[in-house]
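Please read the structure below before turning to the comments.
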Ligand code: SF4
Ligand code: SF4
């Protein structure tokens, strides 16, 4: 008689394809039965060498290249680069351009957050809600296409201002779109707050305690769902954020559900900010040709991307190409926190937990 | 959210997808699509070539003049060329119909030539580029046409002479 031995724990690979989104993340998960014991993160599947490439391109080209580092935060990258270059060159950004920059950023935030909570519904298996969330997001997508000419890469910024002005027609279009999307987003927020299917799969799942969140240095909605009140827009206001009604919602649930709720509340707040911006949009120039002189120097700029704090470091010399361009993206610390969130979790919850940090692999591995 | 209500709404107000390709898909007025180049208004400053992050634009000097090529398959539709072009000679259109078969991939090119001709003043070969807008302020139509036909050297001379005349 042969003896069968059953190992008490197994290692299973998760990824690199289709963990939550169609982006390559790879985890080696040790499981005991249904429960995760340990997680190893593996990175590097979509490393494209963009940081090196950026030092071979002029600043004007980099305004476009950096936009293509990430698709959902695409607006924040050139924004931060422009802010760093403007700091070095002591370039003043006209007031109208500052408002337009806020508008571009907040429209992207609404679309990005709706996409994430939509995917959450999909992973929960609630396809009707997923379709509805995506349909609501489509209003924001149409808005971007109508005002900026592209659904994802807005090309809103240039050095020293913005590239794309909003005429009366664009403003009217935006007002109609906001009118349409606002009640829907509020309704979505209510649904995610009360719907049994969502609550059963997301409450108490993927816990990242306040202490662990601080230890990992997480940012964005992930941090705010672990009771860390930190948002660059209020901590170090840029553009005209100090004049706008920015609210920084925090929750202490520390779970997947709290992160989704933070995103939905932020989407509502972004719409409020957009209304105020449209009402107070001053007249005036929006740029000064977009090609200011940037002397040698170095600077750091921070913006609040939809996923959290985005930090840019720029060092220029006498060449039109930067000597060094480096960025710290929000998904980098948040990704690390997954090891804490996935501990003791069930295998079936992996995708939901991974999605809850709204991972962006392409910008983390650049 | 009442999903029955939503269902009824979608049933009566839908569908929310476009029936493309059976009907044309609506395209936004500001849509940033395929590049178009107009050699008539181009100053030949080559700024667009310099700012294009994708390297989609190339100018080549040939016997015909200055030849412009923009490879649609390399272009990322960023609009940097249009933004930095001083004359709007290069601009994006609403056209996004760029699907093509594999063997056509190298012919998906926007081509234009800024012709070379003889400078009527000195007889040397010169490019028939548009005159820079900031140089021809206050020029009459005939003056613009004359100025345009000159080579860079004679253009400089023309400007100096015109200034001393006035
Ligand atoms: S298309 Fe515009 S940017 Fe390009 S060379 Fe002509 S004038 Fe200059
Ligand atoms: S749109 Fe962008 S990628 Fe395309 S030709 Fe112009 S600068 Fe180059």
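Glycine too: its Cβ is placed from the backbone N, Cα and C atoms.
The Cβ of residue A:51 (Mg(2+) binding site) has A:325, A:326, A:327, A:366 as same-chain neighbours under 8 Å, each 6 or more residues away in sequence. The Mg(2+) binding site annotation in TrEMBL covers A:51.
Per TrEMBL, Ni(2+) binding site is recorded for A:70, A:73, A:360. Within its own chain, residue A:73 (Ni(2+) binding site) has A:108, A:112, A:305, A:306, A:307, A:310, A:329, A:330, A:360, A:363 as residues 6 or more apart in sequence whose C-beta sits under 8 angstroms from its own. When secondary structure is read from DSSP and collapsed to three states, residue A:73 (Ni(2+) binding site) falls in the coil class.
For A:73, A:363, the entry in TrEMBL reads Fe cation binding site.
The domain 'NADH-quinone oxidoreductase subunit D' feature in TrEMBL is assigned to A:124-288 (among others).
Per TrEMBL, domain 'NADH-quinone oxidoreductase subunit D' is recorded for A:293-366 (among others).
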Average the pLDDT scores across the domain 'NADH-quinone oxidoreductase subunit D' (A:124-288) and report the rounded value.
90
Tell me which residues of the chain lie with their Cβ under 8 angstroms from that of residue A:70 (Ni(2+) binding site), as long as they are six or more apart in sequence?
A:77, A:329, A:360, A:362, A:363
Around the Cβ of residue A:360 (Ni(2+) binding site), how many other Cβ atoms lie within 10 Å? Please give the count over every shown protein chain.
25
What count of other C-beta atoms do you get within 10 angstroms of the C-beta of residue A:363 (Fe cation binding site), across all chains shown?
27
Report the residues of the chain - excluding A:70, A:73, A:360 - with C-beta within 8 Å of the mean position of the site's C-beta atoms, for the recorded Ni(2+) site, in sequence order.
A:69, A:71, A:72, A:74, A:76, A:77, A:305, A:306, A:307, A:329, A:330, A:331, A:362, A:363
According to DSSP, how is the domain 'NADH-quinone oxidoreductase subunit D' (A:293-366) divided among helix, strand and coil residues?
26 helix, 24 strand, 24 coil
